[in-house]
Amino acid sequence: MQRANLSAVSEFVFVGLSDAPEIRLLLFVLFLLLYLATMAGNITLLIAISTDSHLHSPMYFFLGNLSLLDLLCPTITVPKMLGVLLLEHKEISFSACLFQHFSLIAVVGTEIFLLAVMAYDRYMAVCHPLRYPSVMSTKLCAQLAVGTWATGLLNSLLHTSLVFTLSFCGPNKIQQYYCDIPPVLALSCSSTHSTELVILVVAGVLGSGACVVTVVSYIYILLEILTRNSPGIWHKAFSTCGSHLTVVCLFYGTTICTYVRPSSTYSPQSDRVVSMLYGMLTPLLNPIIYSLRNKEVKCALKRVIGQV
C-alpha cells in the first residue's frame, strides 16, 4: 500500500517566485550573480587555505570544510531555481526531489555540527594555548571533520526516510523553490503529526547539543578573558573568535526561523524569503566575514588573487 501511495505522485511542481516575465528575468540575473559570487568567494577561500602554509592549522582546516559546505548548499537548490525563472521548467521528479531534500538536510546538519566543533577549537586556542597544538592534532581534526559529515548524513537519512515514506496522492505543487521539509509535508495526504514530532525531537536534540557546545565554549572564553584582564586581551579574543561568532549568529538565526517550528506556522511567502537568506546570503557572506576580520586570510587571499 505504501509503494502504491508513493507512486501516486510521480513529480512535484515548484511555485514560481513571479509570473511576470520582466520580474523573472530580473530575479534570474540577480540570483545568478549572487550564486557566481558565492562560488567565487568560497572557491578562492578554499584555494587560499590549501595552498598557503600559514593557513595550515586546525582553525583554517575547519574553515575549509565550512567553505565546502557553503559551496554545496546553494548548488543543491539555486540551479533548479534559475531554470524555473528562465525556462519555466517547474517540474521535478519524485526521486530528484528526494535526492535534493536529502542533500540539503545533510549539508545543513553537517554545518550545525561543524560550527560546534569550530567553537570548541576556539575555546582550546584561547583558554589552553599551550596545550592547543597537542590536543588539536591532525588526527583529531580529521576525526572531528569526518564525524560532523557522518552525523549530518545520518541525520538527513532519518529525516528523508520519515518524509518520503508518507503518502502523496493529492496536490503536488510545492510552495517553495526547492524540496524542503515544511512544504513537502504540507502535500502529504496522510497524517504527519507523528512525523513532525520525531523530526522536531531529533532536530531539537542534535541541534540543542551542538548549540550547547557552542554556547558553553564561548562562556568559558568570556570567563578566561575576564580572568586574565590583560591589556589587549579583548582585541585579541575578538580577532580570534569574532568571525566565527558572527557566522554562528547568522546561521542559527536563519536556520531556526526555517526549520525549528511546527507546520501550523508555515507561511509560503515569508518562508521563501527566509530560505533565500539561509540558502544564498549566508554562504555568500561567510567568506566575506572571515576575510574582513582575519589578517592572515586577507594576506592569503591577496596572494591567490595576485597569482591568478
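Start at 1 and count along the chain as shown; that gives each residue its number.
Yeah, the Cβs are placed from backbone N, Cα and C, and that goes for glycine too.
Annotations in TrEMBL come from automatic prediction, not curation.
Annotation source TrEMBL lists domain 'G-protein coupled receptors family 1 profile' at 41-290. Per TrEMBL, the feature transmembrane segment maps to 25-48, 60-78, 98-120, 140-158, 197-221, 233-253, 273-292.
Among 25-48, 98-120, 140-158, 197-221, 98-120 has the largest number of CB pairs under 8 A with the transmembrane segment (60-78). Within its own chain, the transmembrane segment (197-221) is flanked in space by residues 109, 112-113, 115-116, 119-120, 122-123, 126-127, 151, 155, 158-159, 162-163, 181, 237, 241, 245, 248, 252, 259-260, 262, which lie at least six positions past its ends and keep a Cβ under 8 Å from the stretch. If you average pLDDT over the domain 'G-protein coupled receptors family 1 profile' (41-290) in this model, you get 84.
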